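Here TrEMBL flags 29-384 as domain 'Luciferase-like'. The FMN binding site feature in TrEMBL is assigned to 57, 100, 151, 155, 226, 227. According to TrEMBL, the feature region 'Disordered' maps to 436-456.
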């Protein structure tokens, strides 16, 4: 069996996945604004040989029930996770960091400059989770109603955004542009830096990338989203894809679809790593683990949980007839989380059933409650049944969720030979795909823009 990769799914805020669990006495997430809280977590993860920390991020918040959002800390308050990375990279040597930014609101040049800078200061340990923003409150915050696009058009805009980003990352500077020639007083050979002239439907840019080439040039590209248009975007651009599915059958078909589409774009399907969410509660006995899980859920706020669903999908379950079927749903937001109860469900569900299911599981992926061996069994089963490449661990309370997994589950996975005992050297991309593969592979569409003739 292939070795798996492991990441963690994080946010730089109070609540995460289980709304209300911030009040649990063991929950240290209330210290999220302190850098020592985050450096402690990074050290735990590197001790456990985790590959990366993945930080989700959003500009939005529940517009209809803002008072509840403040009271229950549902999306508010929250800080910019990107500013944590230099400090976290200083206390780790191998752990990588994947940051989320939106093609809907971030200017391509400023975004590329930040990622190039982070790739420099971390020695090539940076990934970029590319998202399009569907939350109406984000448009309000930026004062840009014109940027609030329909679902599929957001991906059309994102395709152009990626093209412009590749021009900045891959094409503006040649590899040997930087000379650092003190004798002849030449730091950069200007003939090897190329001006970009881009004028498309959604973006316009004229000028040079201001950052010299970093170890990876383009950060490792990730994408999350299970909609048809989202999977098409992932197959074209992504090197890592986050998918959530209710069953092994659904996940297996999604993975096959992503890899088939990647092949159609002329890419090597093996160059797309697929990750799924994994929530774990571990105990020395199954009964102990189940007690812990029950205790965690006892802190959940039902009101805040349903509000979070409305914020992500645009659907307020509390306003629907509980005995009606949850069907014929159309939304421009969060389609992954409506498909879960419609097209990916074996039976038609009522609104009441959807509500009960969401209150139990929320936005979490695969949930496993048991002993270290039972958890390892399930991980192994999902890998064998779906061909998934890795898992994003979704915590309940911190740092306990990570410490328990590192101390109890990781050794079992290592004994079975499905998880590494030591890190390989190299950049984030090399750790995922192998030594010598620090840059985008030749079959990736971004490499076209290494040719200066493509920059205008």
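Using the three backbone atoms N, Cα and C, a Cβ is placed for every residue, glycine included.
Summed and averaged per residue, pLDDT over the domain 'Luciferase-like' (29-384) gives 91. Minimal Cβ crowding within 10 Å, among the binding-site residues 100, 226, 227, is found at 227. The helix, strand and coil residue counts that DSSP assigns across the region 'Disordered' (436-456) are 9 helix, 0 strand, 12 coil. Reduced to three states, the DSSP call for residue 100 (FMN binding site) is strand. Sequence-distant neighbours of residue 155 (FMN binding site) (same chain, 6+ residues apart, CB-CB distance under 8 A): 132, 229, 230, 232, 233. When Cβ atoms from all protein chains are considered, those within 10 Å of residue 57 (FMN binding site) total 19, not counting its own. According to DSSP, residue 226 (FMN binding site) sits in a coil region rather than a helix or strand.
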